[in-house]
Amino acid sequence: MASTRPPTRAPSVAEETQQAYATPRPQRRQAKKQAPQKSIDEFWDKFTTKTPGKCFTILPDNLYARRAAANASKGVIPGQNAVASYEEAAAACRTKVEKIVKECRRINQKYRDPHFDIEADFKRWMQMGAPPDCLTTLDETRNSLRPMSVHRVEDIFERPSFFIEGATASDVRQGNDGDCWFMSALCTLSNKEGLIQKVCVARDEAVGVYGFVFHRDGEWISEVIDDKLYLIKEDFDDATLGRNQWLELQNRKSPVDEYRTVMQTGSRALYFAQCSDPNETWLPLLEKAYAKAHGDYSAIDGGFVGEGIEDLTGGVTTEVFATDILDKDKFWNEELMKVNQEFLFGCGQMGGKYGERQGIQENHAYSIMAAKEIDGERLLKLRNPWGKTEWKGPWSDGSEQWTPEWMRKLEHTFGDDGVFWISYKDLLRNYQHFDRTRLFGSEWIVTQQWTSLNVPWSVDYLESKFKITLLKPSPVVIVLSQLDERYWRGLEGEYEFHLQFRLHKEGEDDYIVRSNRAYYMRRSVSTELDLDAGNYTVLLKITAKRFQNAKIPEEMVRNTCNNRREKLLSIGLSYDLAHAKGQFRELERQTRAEEKRRKKEKKKAQIRKAYEARKKQHKKAKLRKVKENRKIDERIQRSANASGTATPAGNPLNGFQTPDTRSESAPVVLNRKLEEMKLQDQSFTNGLGIHVNGEESNADANKTEEFPRTQQSPGFSPNRFDSFPDSQRPSTPTQRPTSPRPVGGIRRSTSPAPLRPQRRATLSPLPGVRPGIEIHHTENTDRASIISNKPSLSDISSDDLSWDSEIDLPSSDSESSDEGGHPCSLPPLYGGFSGGRDPSERGKDKDEEEDEFERDPWNAVCVVGLRVYGKNTEVGVEVVRPGDKKLSRKLDVDDSAADATKALGGGEIFNGKGDAPRELERSKQG
């Protein structure tokens, strides 16, 4: 339906184009007959799940995850030396390697890694076609990486050596994996002596075992691998086409040996990363260990230089955009000039679609190796991890700026090795994204704490927060991070989180500093500042983005538990151990308590609402009963007057005679009048499918002909209780029986009713049926008869009913008090005629069915950790749960709504929902 609202301005060219190709407007949902605000409130109530939570364990009965959760630190976490975690991981790694070497030498076998056996995995892939676990992530069904063979280091290299003249940036050459960011991180580390050696902790080249350490989620971990590597070319015996082509060449004395020498020897034969020296091995082995730590080679495809540097050094990375730098001179003097000292830098060209701009690759990572200012020229040395393709502008190889003097000053030589110089001005012009990583030494103290948070759809500062205790004035680095999802690709779920925080002095509403929202790196945000001794509060703001088509962990477990069991076990264990940091047991207890309280409050409201509705229904039913009885009495009185047997004025007209007014002829007169009513209104008996005084309406054809039926009323149809007139509606509350009735309703009778009505017969089981009429139900009336025998509330005065939330409310501990239960213990008014459906769903049309948000509500839970570094001082961190004062939860100063809320204090909060329209208009809209 097109809008009839007149335009307020002339459309732009873009808008005219969009209108020309506009898609038809979807059909609007039929609006309910209620206030608009109530509709919105109902939508948001259904939008968010009533049971927030997250899968914290993937594997069944994971003992290791339970141990890790039990050992997770709680309360105030004291600080420790920043290098203490590294020393522990390095010592553990050396112990692992020594134990493996001892065992292998005892059995006289080289080491084979059973947890990352790339050779067995490769053969299984080649023979069975199953996705290789060492090359593909859990959610991948096809393999884009296609190495052709696997060999040990001693079979690939003629004279293998782990380091040849140390680890340098010129050694690094990227392979077929998309891990340029990790290669650039290694190039950056190689510029500072000793950093790569700290990662490569222990090895035994003869046994073929190597140990490395990496920084993950705030602490160091160790990883051990064997010396098997992937190759580009297949083996001679497996190379059908290549072997025939090789054998076609003449004068080959040993074709197999010559094929291996040419195709499968040296660094250039490796499928993944390789050193420039043909016999150096540290780079491919380090890349393999990093891939094993993440589960497979595909998991390390794509990333940021800063994240790679963090994983290799334990530092803290900050994103810097070139367009956001306020003082370019300060950035040069205080940061870039300290490269390879306090900071390490990486950079990238983040625009375009993998093209080239004057030799600079788009969406590609580079490392900054050096920064020098000579004779007024600010120049930087960069390297492409590909080992080729360089900058083609000013100060590039062969440009006019180079003179023998400048080449001597900068110690530069020309060559297509990926290393080039660029001016500071051209750097800011051609590279938009910088990763600056701060390094920490033994003078720094670090502490951290992790927790799990429920993230609402509305973006605001959360009630849960962190508290920092600082004993002395100190420079401080604060890092808010989430778990690294790269370690369990395929189990990330459907939510993506972006982190922010701000720092408050305890007891003060105005914040001291806040983190800048990250441009690309979602894993962490940080800030650096100098603080005085005291207590500080960190408020968190987490933005969640949902991807509807992403597979949730439950689906991945179901899809892979049979065909990729080993892969699921490996990735699932990594997932479980990481999430143990979030202390999920505490979160689950809080969630259960909150859910219990919410259910209790909701049930209170439901019962109160049901009580008020039934109270109103009872009043209406009593009035309708009085009117019906009055009409029937008037009808009997008119019939009696016409026949000359009118009831005396003092006698009741509804058939209930008291001992004072009961006469001998009253039953006879009553039965005669009832017989006349039967003859006058056959539609009553025929419509119900029952018979009066023991005779079925369709049992005797002659009887039917003798007494022709009258026309049925328009609102009445056979065998449909919903079409009864008000006077005959079986769902109308009835009088409570004074004596028990036989089980199964009214008994069937085939003999005429007695002349003198008994007390039992004078009580009507269905409203609208006169006493003395015995009703025999057919199959269609069984449910009506049964429901009519239930105790009714029509006899109870509304004034006698009272409400007590503590007495009338069902026990909150009852297991039966779930969401699907009936909100009240009273029997449903129309329960017998609902056709098996829930009473609350009777008459529910298709527009009231569950919509997409109610079927799959918002349920975002994030595990976050706060890490705080202090210099030469003790620091402490603890989690503060909701319940404290919330005065600090105010908008940022640059928020558009800040001015409108600046006058709001911490007192009573005005709830404006549903306050308009008022009075008459409000009542009209319900």
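Every residue gets a Cβ built from N, Cα and C, even glycine.
For 1-38, 588-665, 687-856, 904-926, the entry in TrEMBL reads region 'Disordered'. The domain 'Calpain catalytic' feature in TrEMBL is assigned to 110-440. Taken from TrEMBL, the feature active site covers Cys180, His364, Asn384. The compositional bias 'Basic residues' annotation in TrEMBL covers 597-607, 615-628. Look at TrEMBL and you will find 638-660 tagged as compositional bias 'Polar residues'. The compositional bias 'Low complexity' annotation in TrEMBL covers 727-742. TrEMBL lists 773-782, 915-926 with the feature compositional bias 'Basic and acidic residues'. The compositional bias 'Acidic residues' annotation in TrEMBL covers 797-807.
Taking only the Cα positions, the spacing between Cys180 (active site) and Asn384 (active site) is 9 angstrom. DSSP assigns Cys180 (active site) to a helical segment in the three-state reduction. Here the C-alpha separation of Asn384 (active site) and His364 (active site) works out to 9 Å. Per-site Cβ counts within 10 Å over the active-site residues Cys180, Asn384 peak at Asn384. His364 (active site) carries a strand DSSP state (E or B). In the compositional bias 'Basic residues' (597-607), helix, strand and coil residues by DSSP number 11 helix, 0 strand, 0 coil. Around His364 (active site), a 10 Å sphere centred on its CB holds 19 further CB atoms from the protein chains shown. The DSSP breakdown of the compositional bias 'Basic residues' (615-628) into helical (H, G, I), extended (E, B) and coil residues amounts to 14 helix, 0 strand, 0 coil. Following the DSSP three-state reduction, the secondary structure of Asn384 (active site) is coil.
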